[in-house]
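Asks: For reference, TrEMBL lists these features for the protein:
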- 49-70: transmembrane segment (TRANSMEM)
- 51-196: domain 'CSC1/OSCA1-like N-terminal transmembrane' (DOMAIN)
- 121-152: transmembrane segment (TRANSMEM)
- 172-194: transmembrane segment (TRANSMEM)
- 218-413: domain 'CSC1/OSCA1-like cytosolic' (DOMAIN)
- 424-696: domain 'CSC1/OSCA1-like 7TM region' (DOMAIN)
- 426-452: transmembrane segment (TRANSMEM)
- 472-499: transmembrane segment (TRANSMEM)
- 520-542: transmembrane segment (TRANSMEM)
- 570-594: transmembrane segment (TRANSMEM)
- 606-629: transmembrane segment (TRANSMEM)
- 635-654: transmembrane segment (TRANSMEM)
- 677-697: transmembrane segment (TRANSMEM)
- 703-722: transmembrane segment (TRANSMEM)
- 881-918: region 'Disordered' (REGION)
- 884-896: compositional bias 'Basic and acidic residues' (COMPBIAS)
- 909-918: compositional bias 'Polar residues' (COMPBIAS)
Amino acid sequence: MNNSSSGTDQQQSTDSPKSFWESIAQMFESANDQGKGGYPSQAENRSSASIQLAISVGLGVFSILLFSLLRKRFPQVFQPRSKLETNPPPKLGQGFFGWIVPIYKISQAQVLRHVGLDAVIFLRFFLLCFKIFAVCAVYGLLVLVPLSAFGAEKPLKDKDAFYSIGNFNNDSSYIIAHVVGVYIVSLVTYVLLAREYQVYSTLRWEFLLSAKKTLAAKTIMIKGLPKELRDPKLLMRRFEEIKLEKVSRVSILKQSDKLHRLIRLRAYELQRLESCIARWIGNPCTLDSYDPNQLISLVNHYEAEDNINSSTNINSLNPPGYPKNRPQVRTGFLGLFGPKADGINYHLTRFQNYDLAVKQERAKNESTTCNIAFVTFESIRSTHIAAQLVPSSVPLTCRTSLAPEPKDIHWPNIAITGKEQSVRSVISIGITALVIVFFGIPLALLSSLFNISTFTKVLPFLQKLRDNSPVLYSLLQSFLPTLSTIILVSFSPYLFIGLSMFQGYKTYSLIESAAISKHFAFLLINVFLIFTFSNTVLQSFLESIIKNPSQIPDILAESLPKAAPFFLNYVMLLGIGFFPFQLIQIGPALFYFIRQFFVKTPREYAGLLVPLYTEYSWLLGQPMLVFVICLTYSIQFPLILVVAVAYFLLGYYCNKYCLLYINFPYYESGGLLWPKIFRRITTGLFLLQILMLGFFTSISRPSLAGAMVPLIIFSFIYRFYLPKLFPKDCKFLPVDVLQSRTDVEPLLDSENQELISRDDRPYLTDSDFPSSSNFLMPIAYPPSKSKNPSRSDSFHALDAPTLEPPNLFRLMDYLAVPSYFTDYHQSTMSRFYGVLDSGIRGYTHPVFKADLPTIWVPLKARKADLVIAIKNRSYTYRYTADTDESRTSTATDRDPNTTLSDSPKLLPSSASNQPLDP
């Protein structure tokens, strides 16, 4: 196709396959005209970088201003952790920017106390990267940048990247400065990384000692337990023969697939029943005759008739004054076929049947033992010694380790055998490899096609745009590729979390660790390597291997510096623009906005408004990739060091705020993220040194290439030797620490961590120990004070004492303010469907012991109050009435340790015309 072709000719040419492929060829030909590999020229790079900086700064400043405006208006969204009863984060200032200085002043000890060691390790990773790049930036800005700016030897037309190593001839003596730079960067990383490992070991040991009185700290987990050892007394005798201190308890994990299925079906029917009730009377209910306790009582005493389709059965649960028209459901396949029936009676009958079946199945106590056992000792010293022993001589059996805390266990995977997990791992890794390969194909095409210069011959108006509006052209050229890449890879963690769960890992921490590895590999290959080599290597390599294979080294030598401007824009947008943008919580807000149209019941609203949890599989992938990118290009393109410093500095403070005031930890692994971070940092070092070796080889400088060999050898030794200086990645406490410091004062509040009651019983129950993460986990509901089985909300499968969460170790309650739509009197079922999150305690499988959800009916509200609340967008619950004391007391019941001043209030209706912030 010719540039002078008319619009009609263009349309005709695109209609034929031959013309289409000619257009594609001309696109790549135009890329060669712009410069080898299709990368922009030096002037275009400078213009693109300036525009990208302006966009990033503008987005960052706008996000900070908007966040500062919304922070005080919606504290339940932008600082929900400030509502914690116990151990809340430090108070923030009341001014518009009153949050900035307090965030700066919050120390590491405060972060450890309020959030946990995992958060400290995550933030220290940002500080470590900031220190590495800040030190290296001094050499880069004072030596490498001036040499590139004033000592360049190539003609201007050959400069493809400003201030880069590509500005020098292959035989230039100035390139020796880049060899020195590689040594400086490597030495700084070696030193700071070793110091950080030492700090991590100290923090890890202190954390283990501080949690010495928790159940997890005194328990080991045994995997692969052979059948002959699946006897608590026999296994206890095995450890007592080793002359360890007394074993407090042995728990052989049991499972029941039938009970698990019944509990899931029970929860499903309960949710369908609640949905039908909400559709029937509304949520909140504005009927004057509505009495929540009366409705619950009718549900409790409901007796199903044999024929649920009978018309006479409809009135068996229909108090006077309630709507006569009730939801109808189909009783056939998937609720889409079959005869219609009254939805409330239908689901209530089925729920009662499953409820009774669960009660009977639990009473039978029929189950099969798994190959998992938990052994609890009376001292942490015996626990750490036993965790490193091999209880059996049979290979691949009795693999011992420190037990995860109960809230870290992913119970659906706990019974998966080693053989099944191996098969699952092969499948998961295979799918991950396929995802990486197949996703790399479109990304490689996008890396070429998103360079607008390749479109100028196919789309002539782009050439006019380039001539008439260079600013807009540079905007599209710099902003479009980086934004498109970020969006394309932003949803990949969902897939890798799912694959890691399928892989069969038994704890959430291991699931996230595996997801981090998969996500990092995905980003490293599809973002770093694809965008570095796709345009140059894939295109020019095929051309050169036909015309002149001797040009391959030259193409490889030019590829790295030419791709650097793209990564400069990429890191700039991620750090300066997107880190502040994360503060305004646009993702959760959009999710809430969409999902609010599909929720009806109080339980669904409580699940919708549950606080966000920290997911390191989302938070760590991009920063580790950015570290590798910036370290790899730190010598060839030293300006990226400045952007790296800004990225990790802003990332540190933005993530610090989110961890302290927004996100709640889902578990606490005790800083086990660090070994993975260490390996990714050393991976970045390897890439820097190997790519520089290849670069020096490609420009025919064997002496400089040989100078990289000692660094590569030392990095290999450093990667595997340094962790061995610290015992097993600091997973266990050293013997001298166990002997001399088991009586150390814990970092946590010892009064809250003390055992509540101890007696002379030979075996301790799970509730005799606090959980190591109770001081971190929110309980987003106001727990009930009463334990009377006759309470109206005590409709359940078992006796009441097993359903009420124990109040012994509620160290930190999240004060969720009741709204018109939910009063938060039950927790969610996010950890194990069918079981309340608050009921998962100890190392007994939840299906046998955990609390089950009960009926949750809509709240009562006056229609006038609801209209005013909707108009003012203030949904804080305000209903009180002298004739409805029972409902008021139900909504205001709190834990005995909660003072009235700390409890959410139900405001009188006289105040309902005054807008309230939620």
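Each residue, glycine too, has its Cβ placed from N, Cα and C.
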Asks: Name the range, of those listed as 49-70, 172-194, 570-594, that has the largest tally of Cβ pairs under 8 Å with the transmembrane segment (635-654).
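Replies: Out of the listed stretches, 570-594 contacts the transmembrane segment (635-654) most.
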Asks: Check for me, if you would, whether the transmembrane segment (121-152) reaches the transmembrane segment (172-194) - at least 3 Cβ pairs under 8 Å, residues 6 or more apart in sequence.
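Replies: Answer yes, regions in contact.
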Asks: What same-chain residues lie close to the transmembrane segment (703-722): Cβ under 8 Å, and 6 or more beyond its ends?
Replies: 175-176, 179, 182-183, 186, 190, 193-194, 197, 678-679, 682, 685-686, 689-690, 692-694, 696-697
Asks: With the transmembrane segment (49-70) as the reference, which stretch in 172-194, 570-594, 606-629, 677-697 has the largest tally of C-beta pairs below 8 Å?
Replies: 570-594
Asks: Of the listed stretches (570-594, 606-629, 677-697), which one yields the highest count of Cβ-Cβ distances below 8 Å with the transmembrane segment (172-194)?
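Replies: Against the transmembrane segment (172-194), the leading stretch is 677-697.
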Asks: Residues sitting near the transmembrane segment (677-697): Cβ under 8 Å, six or more positions beyond its termini, same chain?
Replies: 121, 125, 128, 165, 175, 178-179, 182, 185-186, 189, 193, 197, 520, 524, 553, 556-557, 560, 620, 624, 627-628, 631-632, 634-636, 704-705, 707-709, 711-712, 715-716, 718-719, 722-723
Asks: Near the transmembrane segment (606-629), which residues from the same chain, at least 6 beyond its ends, have a CB less than 8 A from one of its CBs?
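Replies: Contacts of the transmembrane segment (606-629) (Cβ under 8 Å, skipping residues fewer than 6 from its ends): 76, 80-81, 118-119, 122, 125-126, 129, 493, 496-497, 500, 511-512, 515-516, 519-520, 522-524, 527-528, 567, 570-571, 574-575, 585, 588, 592, 595-596, 599, 640, 644, 647-648, 651, 655, 659, 662-666, 673, 676-677, 680-681, 683-684, 687, 778, 780-781, 814, 816, 819, 822, 824, 826, 828, 830.
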